[in-house]
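Visitor: My questions will all concern the structure given below.
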Amino acid sequence: MCRIAGAPRTLLPLLAALLQASVEASGEIALCKTGFPEDVYSAVLSKDVHEGQPLLNVKFSNCNGKRKVQYESSEPADFKVDEDGMVYAVRSFPLSSEHAKFLIYAQDKETQEKWQVAVKLSLKPTLPEESVKESTEVEEIVFPRQLGKHSGHLQRQKRDWVIPPINLPENSRGPFPQELVRIRSDRDKNLSLRYSVTGPGADQPPTGIFIINPISGQLSVTKPLDREQIARFHLRAHAVDINGNQVENPIDIVINVIDMNDNRPEFLHQVWNGTVPEGSKPGTYVMTVTAIDADDPNALNGMLRYRILSQAPSTPSPNMFTINNETGDIITVAAGLDREKVQQYTLIIQATDMEGNPTYGLSNTATAIITVTDVNDNPPEFTAMTFYGEVPENRVDVIVANLTVTDKDQPHTPAWNAVYRISGGDPTGRFAIQTDPNSNDGLVTVVKPIDFETNRMFVLTVAAENQVPLAKGIQHPPQSTATVSVTVIDVNENPYFAPNPKIIRQEEGLHAGTMLTTFTAQDPDRYMQQNIRYTKLSDPANWLKIDPVNGQITTIAILDRESPNVKNNIYNATFLASDNGIPPMSGTGTLQIYLLDINDNAPQVLPQEAETCETPDPNSINITALDYDIDPNAGPFAFDLPLSPVNIKRNWTITRLNGDFAQLNLKIKFLEAGIYEVPIIITDSGNPPKSNISILRVKVCQCDSNGDCTDVDRIVGAGLGTGAIIAILLCIIILLILVLMFVVWMKRRDKERQAKQLLIDPEDDVRDNILKYDEEGGGEEDQDYDLSQLQQPDTVEPDAIKPVGIRRMDERPIHAEPQYPVRSAAPHPGDIGDFINEGLKAADNDPTAPPYDSLLVFDYEGSGSTAGSLSSLNSSSSGGEQDYDYLNDWGPRFKKLADMYGGGDD
């Protein structure tokens, strides 16, 4: 390869492109011959050929590029040829002389013209192992002599030997065990020695690889070694006498495993993916492929070189890419990448060790798929110069036309997506264009209503461009233009009233049959001959009617401003106008009648009921007037009393306070309590004025000093009736009964609690030798006892300090017993006298009561009791010689008692 001295590295891609252009130009001038350019294709292979292994590439010259050639092998069972001329192994086989030569046929599918070429395969020779020294002579390693005494003289020790490592090639074929070296001590002449080796590969994992003859010291290897597993072994040799005493210091032996080219390069990925933009210049980086070799990377066995075996497709040039043979970087070397023509390239990449030596190196292949990415080098183009559409008038959100464009760029990318805009013909903005994201079409849509009577047709100028600008250097205009002709279709429109609403002013009180106004509608369809008829749609008070032909509105009742259907002096009525088109359409209009007030309502007294005291002092009645008319037909008002009956003016007097209020007072000093109806004449200020006699109901009652009524009727009038009073009393009685029942229940519970304190709680009786019974039999025969001695000690001195908790009454307290004076006091309500009497009564009346000699339970009764010893407990002999074995027959409940008195062990 020649090199231009002094050329900067930045000019190398340019020089490569110029060189390629010159080569292509010269190739076009030279005469092209269709067929195989070589007579024989040869390849050097290893002995074992694997299935699918690429062997070589046969080139076929297709001058015009239009021939469709089909390849065929003369040995189809062993070899096949791909469309790009790459020869593959169909099956795995060892390479021999029968596979050394075969033919490749190429045939034109259209003309049936046929060509052939010979292929010769040769076996790769075995790499000579000059570095491995195989000698029949076994090297001897002697232990270095130590410092010691010999014949009474000191001898000088030699310096430590530097024992060179032993080089052993991997994958040796033996025979095994294979002798490596002999280890010997110079003392073996005088002593019987034993030799051994230690370390990984000997007595440590992996064990058994190296062995030594203990007598001769011969070190041997027992199996082939693999450098990729262990590249170096470090052993130590030992020499001892027959008693196991160390004779020599251990020496180190290093065994290096020499690498052989026994591993093919392996790509990190079998398929590599990369991208390159279309239109990229030569020298553009694409991707990097990487392979690894398990052999020694510092030797030729692990030094890899890359190359491109094939490129598919081969357009526009069969060498669009190149690869750096050392780094694996793939770059472009030719111009003309066009995604619209070729979207993807497939490269077969080969990695070979031995620095790429095709004779001795091992190879492997991988696939590099390079995708040509899109750039915006094609603007959108309309498929037609003019598009047509139509739309009914007054319709919005209607698609009137679909604008179609073509774009050769990659679909659904910013370089393909079209953006439409209206550049002319729509000054009022009645149309808009949206892009269909799936089809990329432009949808012309009406966004504002269109009136046929105003515009019958629109001619729009539209433009389309991509979302991103065109790439630099593209010789196309950035946008495409077209026209859209939109026809407006006339439809039957609704009639409309004008003005709407229509407001008129009329006085109230107009008689029926009065013509108010003419309320007509207009038909916007000027080019349609249609008639309009009118009907009443809404008339809350039913005061109006409309002529169906001319729209005259006439009253059918008297208009009253004070009607509840009149709001803020305005009465609303709605009318409907319908045409006879197809389909018929209608419109509504509202007539608002502003009613002017007239003095047609007499004033009334307010309030209509009042109360006052029997005497003129201390209060009066304030009154006013209510008039449904408005000014000037309302206040100020004039208040007066009628002349008859005569007692009205005799008993009452009225005083005007201002134009709206007056005050009614008693004229006499006393008026009997009761209800009186006082007529009052009220006159408004209308023209002419309107008067009215209004009745005021006055309640005269007895009053207190504050002027408030004090009779019962006032309570009733306040809203508290007899039923409510009875209900309140019943609730109070029920509440008192509940409180009383609760008090009784609490007292009864306290009494029961005091009675239960006299009994022994079964849970508190933890003694195993005494059982508590509810019935105590006949009790004591001696009935002469003092009940005062049976009172509880707590009842004698209530102020005494009581211990915390519940004290058992049937056991002696553990603290010092207080001395209580003997006194004949009346039995305390809390004593147990009643309890004993009830027990005696039950025993006398019950013939089945237990005998007197039964076990009884007594509560602790305090000291100072006058009662003697309990005869029922002393009736039996207290001697210890009695037989208590019968207690064992009483069952498990008496087991503890039987153990205590029956002479048990425990």
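Each residue, glycine too, has its Cβ placed from N, Cα and C.
Swiss-Prot lists these features:
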- 268-382: domain 'Cadherin 2' (DOMAIN)
- 604-714: domain 'Cadherin 5' (DOMAIN)
- N190: N-linked glycosylation site (CARBOHYD)
- N273: N-linked glycosylation site (CARBOHYD)
- N325: N-linked glycosylation site (CARBOHYD)
- N402: N-linked glycosylation site (CARBOHYD)
- N572: N-linked glycosylation site (CARBOHYD)
- N622: N-linked glycosylation site (CARBOHYD)
- N651: N-linked glycosylation site (CARBOHYD)
- N692: N-linked glycosylation site (CARBOHYD)
- 863-884: region 'Disordered' (REGION)
- 160-724: topological domain 'Extracellular' (TOPO_DOM)
- 725-745: transmembrane segment (TRANSMEM)
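Show me how these features fit into the shown structure, please.
Guide: Mapped onto DSSP classes, the domain 'Cadherin 5' (604-714) shows 9 helix, 51 strand, 51 coil.
The Cβ neighbour count for N190 (N-linked glycosylation site), using a 10 Å radius and every protein chain shown, is 7.
Within 10 Å of the C-beta of N273 (N-linked glycosylation site) there are 12 other C-beta atoms, taking all protein chains into account.
Listed in sequence order, the residues of the same chain lying 6 or more apart from N325 (N-linked glycosylation site) and placing their CB within less than 8 Å of its CB are R305, Y306, R307, G356.
Around N402 (N-linked glycosylation site), the C-beta neighbours below 8 angstroms that are at least 6 residues distant in the chain are F387, D441, G442, L443, V444.
Sequence-distant neighbours of N572 (N-linked glycosylation site) (same chain, six or more apart, CB under 8 Å from its CB) are P501, S538, P540, T590, L591, Q592, listed in sequence order. In the three-state DSSP reading, N572 (N-linked glycosylation site) counts as strand.
Around N651 (N-linked glycosylation site), taking its Cβ as the centre, 17 other Cβ atoms fall within 10 Å, counting all chains.
Counting only same-chain residues six or more apart in sequence, the Cβ atoms lying under 8 angstroms from the Cβ of N692 (N-linked glycosylation site) belong to A602, P603, Q604, I681, I682, T683.
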Visitor: Measuring CA to CA, name the entry from the glycosylation sites N190, N273, N622 that ends up nearest N651 (N-linked glycosylation site).
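Guide: Of the glycosylation sites N190, N273, N622, N622 has its Cα closest to that of N651 (N-linked glycosylation site).
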Visitor: In whole Å, note down how far the CA of N190 (N-linked glycosylation site) lies from the CA of N273 (N-linked glycosylation site).
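Guide: Roughly 74 Å, rounded to the nearest whole number.
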Visitor: Can you tell me how many other Cβ atoms are located within 10 Å of the Cβ belonging to N622 (N-linked glycosylation site)?
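Guide: Looking across every protein chain shown, the total is 12.
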Visitor: Pull the DSSP breakdown for the domain 'Cadherin 2' (268-382) and write it out as helix, strand, coil residue counts.
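Guide: Result for the domain 'Cadherin 2' (268-382), in helix, strand, coil order: 6 helix, 50 strand, 59 coil.
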Visitor: If you measure N190 (N-linked glycosylation site) to N622 (N-linked glycosylation site) at Cα, how many Å is it?
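Guide: On Cα coordinates alone, these residues lie 157 Å apart.
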